[in-house]
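K.L.:
Pasting the feature list from TrEMBL:
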BINDING   C28, C64, C98  [4Fe-4S] cluster 1 binding site
BINDING   C173, C177, C180  [4Fe-4S] cluster 2 binding site
DOMAIN    19-135  domain 'MTTase N-terminal'
DOMAIN    159-391  domain 'Radical SAM core'
DOMAIN    394-456  domain 'TRAM'
Amino acid sequence: MDFNAENLKKLRPLSGDGSKLYIETYGCQMNVSDSEVVLSILQRDGYRYTERIDEADVILVNTCSVRDNAEQRVLGRLREFKPYKRRKKALLVGVIGCMAERMKEQLMEREQLVDIVAGPDSYRDLPRLLRQAGDGSRSVNVLLSQEETYAEIAPVRLDKNGVSAFISIMRGCNNMCSYCVVPYTRGAERSRDPRTILREARELFDAGYREVTLLGQNVNSYRWEQDGHSTGFAALLDAVAGIDPLLRVRFSTSHPKDLSDEVLHVMARRENLCRAIHLPAQSGSTRMLELMNRKYTREWYLGRIAAIRRILPDCALSTDLIAGFCTETDADHRDTLSLMREVGYEFAFMFKYSERPNTKAARHFADDVPDEVKTARLTEIIDLQNELSLQSNRRDVGRTFEVLIEGVSKRSDDRLFGRTSQNKVVVFDRGDRRIGEYATVRITDCSSATLIGELL
Ligand code: 5AD
Ligand code: SF4
């Protein structure tokens with residue numbers, strides 16, 4: 001007998017065999033996208049998705065290692081699964097994602113809480129790992145790959161709005177920012193075959209989706225080479241945007257050193273490429289940027305901002321900032337505040353520096369900014385960003401925007417919410433409008449987080 005996949009299936013029923021799978025996702029958008037790939041792989045193997053943890057036969061936790069508090073939260077959460085395990089002896093708990101990669105041994109040693117550990121490149125192996133764990137031996141696969149992109153796997157969408165979806169276009173990171181654990185947990189950078197990306201985007205559009213976000217740790221270094229032909233990020237973006245003018249396209253994350261004018265010109269040409277760029281600065285001090293191994297200076301970063309302003313005058317800007325990196329002085333911190341003012345960010349993700357084991361910073365620099373100082377600086381950064389967001393929103397009052405409707409407002413069934421091309425949330429009275437449609441909305445009021453509008 002030929003032992004191909006079909007024949008193997010005949011020999012043995014699908015290992016999932018109707019078992020119920022519950023997934024909890026922590027961390028970045030890439031993890032959300034990965035959970036959708038995991039669900040696809042396991043559904044094919046006979047598992048059924050459930051949103052109810054109390055009926056689960058398998059619990060998977062997709063985890064993040066970027067900061068210590070993210071890891072602590074998951075470790076606490078794993079303890080909360082104990083009673084479920086007590087009630088259902090056959091229940092399997094798996095830790096997948098970045099923590100699996102970084103903490104394999106520790107996880108396996110933890111009070112019998114974890115049965116499976118699978119790193120970001122071993123999700124195709126989950127059916128086997130689960131089978132093995134079901135037979136009573138604990139299972140680990142944390143091999144990283146140079147090639148894995150899960151290119152042809154059609155993710156099962158976990159978001160329920162049916163309007164916007166993530167498409168992963170590359171994996172891993174080669175940048176080696178000195179504070180960052182991602183290159184160690186997600187491995188080397190590799191790009192996904194553009195044909196599979198386009199197919200996925202088109203299928204989403206045909207299924208009614210109206211917005212896709214192309215995801216990667218550093219999307220601007222996307223590159224696919226085949227038969228002497230090379231596709232870079234600008235060409236990929238252009239092709240995805242070409243699927244239909246009604247399909248909005250976003251992308252994240254851009255590394256400032258790789259954001260090219262070519263990409264900005266493609267955006268300017270295509271209105272459905274959204275006017276929002278996430279360009280993590282991390283710090284406004286050139287001395288810090290050097291220690292962080294970011295490979296640009298404050299001036300160079302501001303030069304990229306100037307190019308965006310010139311080519312895309314209506315583009316919103318957001319950033320990531322780290323407070324209290326090794327040796328950061330008050331003067332360095334003030335450079336960050338002045339950079340924020342100079343750019344006038346619409347939005348920011350702001351963090352205290354958290355030392356990650358084995359990174360370059362952990363090995364070579366002392367984590368020497370006291371926690372109280374980190375906290376005080378972070379508070380100043382957050383307060384300033386709230387001010388900047390409010391100023392930006394106030395400038396929008398009286399203007400009119402095309403809003404893609406994503407859902408019903410949490411506060412009131414009579415109101416809908418959606419986003420502008422600039423990625424700002426707008427809430428407005430529903431009228432006769434429906435989720436997934438575009439609406440023209442005039443902004444009448446705002447807070448620092450939300451725009452309030454009326455249908456035109
Ligand atoms: N400590 C604090 N923030 C970090 N980030 C990455 N590593 C660390 C760390 N060790 C932040 C960066 C990055 C975002 C995803 O997380 O700002 O852009
Ligand atoms: Fe981490 Fe830098 Fe790569 Fe982003 S670009 S994932 S911060 S190493």
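Just so you know, glycine gets a Cβ as well, placed from its N, Cα and C.
Computed from a predicted structure; not experimentally measured.
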K.L.:
Please list, in sequence order, those binding-site residues from C64, C98, C173, C177, C180 with the Cβ less than 6 Å from ligand 1.
P.N.:
C180
K.L.:
Using the Cβ centroid of C173, C177, C180 as the reference point for the [4Fe-4S] cluster 2 site, which residues of the same chain not in that list have Cβ within 8 Å?
P.N.:
N175, M176, Y179, V181, V182, P183, Q217
K.L.:
Just to be sure I understand the packing, how many Cβ atoms besides its own are within 10 Å of the Cβ of C28 ([4Fe-4S] cluster 1 binding site)?
P.N.:
20
K.L.:
Given the binding-site residues C173, C177, C180, which one's Cα is the least distant from that of C64 ([4Fe-4S] cluster 1 binding site)?
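P.N.:
It is C180, whose Cα lies nearest.
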K.L.:
Between C173 ([4Fe-4S] cluster 2 binding site) and C98 ([4Fe-4S] cluster 1 binding site), how far is it from one CA atom to the other, in Å?
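P.N.:
Rounded to the nearest whole number, the Cα-Cα distance is 13 Å.
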K.L.:
Roughly how many Å lie between the Cα atoms of C177 ([4Fe-4S] cluster 2 binding site) and C98 ([4Fe-4S] cluster 1 binding site), rounded to a whole value?
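P.N.:
Answer for this pair: 17 Å between alpha carbons.
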K.L.:
Using a 10 Å radius around each Cβ and counting other Cβ atoms from all shown chains, which of the binding-site residues C64, C98 yields the largest count?
P.N.:
C98
K.L.:
State the count of C-beta atoms found within 10 angstroms of the C-beta of C177 ([4Fe-4S] cluster 2 binding site), not counting that atom itself.
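P.N.:
So the number of other Cβ atoms within 10 Å of C177 ([4Fe-4S] cluster 2 binding site) is 21.
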K.L.:
Can you tell me the CA-to-CA distance separating C98 ([4Fe-4S] cluster 1 binding site) and C180 ([4Fe-4S] cluster 2 binding site), as a whole number of Å?
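P.N.:
Checking the Cα atoms of C98 ([4Fe-4S] cluster 1 binding site) and C180 ([4Fe-4S] cluster 2 binding site) gives a distance of 12 Å.
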K.L.:
Report, in whole Å, the straight Cα-to-Cα distance of C180 ([4Fe-4S] cluster 2 binding site) from C28 ([4Fe-4S] cluster 1 binding site).
P.N.:
14
K.L.:
Checking proximity to ligand 2 here: which binding-site residues out of C28, C64, C98, C173, C177, C180 have their Cβ closer than 6 Å to it?
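P.N.:
With ligand 2 as the reference and 6 Å as the Cβ limit, the list reads C173, C177, C180.
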K.L.:
Cβ within 8 angstroms of the Cβ centroid of C28, C64, C98: which residues besides those meet this for the [4Fe-4S] cluster 1 site?
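P.N.:
Here the non-site neighbours turn out to be Y26, G27, M30, N31, T63, S65, V66, A70, G97, V182, T185.
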K.L.:
Which secondary structure state does DSSP assign to C98 ([4Fe-4S] cluster 1 binding site), in the simple three-class scheme?
P.N.:
helix
K.L.:
Could you tell me how many residues in the domain 'TRAM' (394-456) are helical, how many are strand and how many are coil under DSSP?
P.N.:
3 helix, 33 strand, 27 coil
K.L.:
Report the DSSP secondary-structure composition of the domain 'MTTase N-terminal' (19-135) as helix, strand and coil residue counts.
P.N.:
62 helix, 23 strand, 32 coil
K.L.:
Same chain only, sequence gap of 6 or more: which residues have a CB within under 8 Å of the CB of C180 ([4Fe-4S] cluster 2 binding site)?
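P.N.:
The list for C180 ([4Fe-4S] cluster 2 binding site) reads V66, C173, R356, T359, given in order along the sequence.
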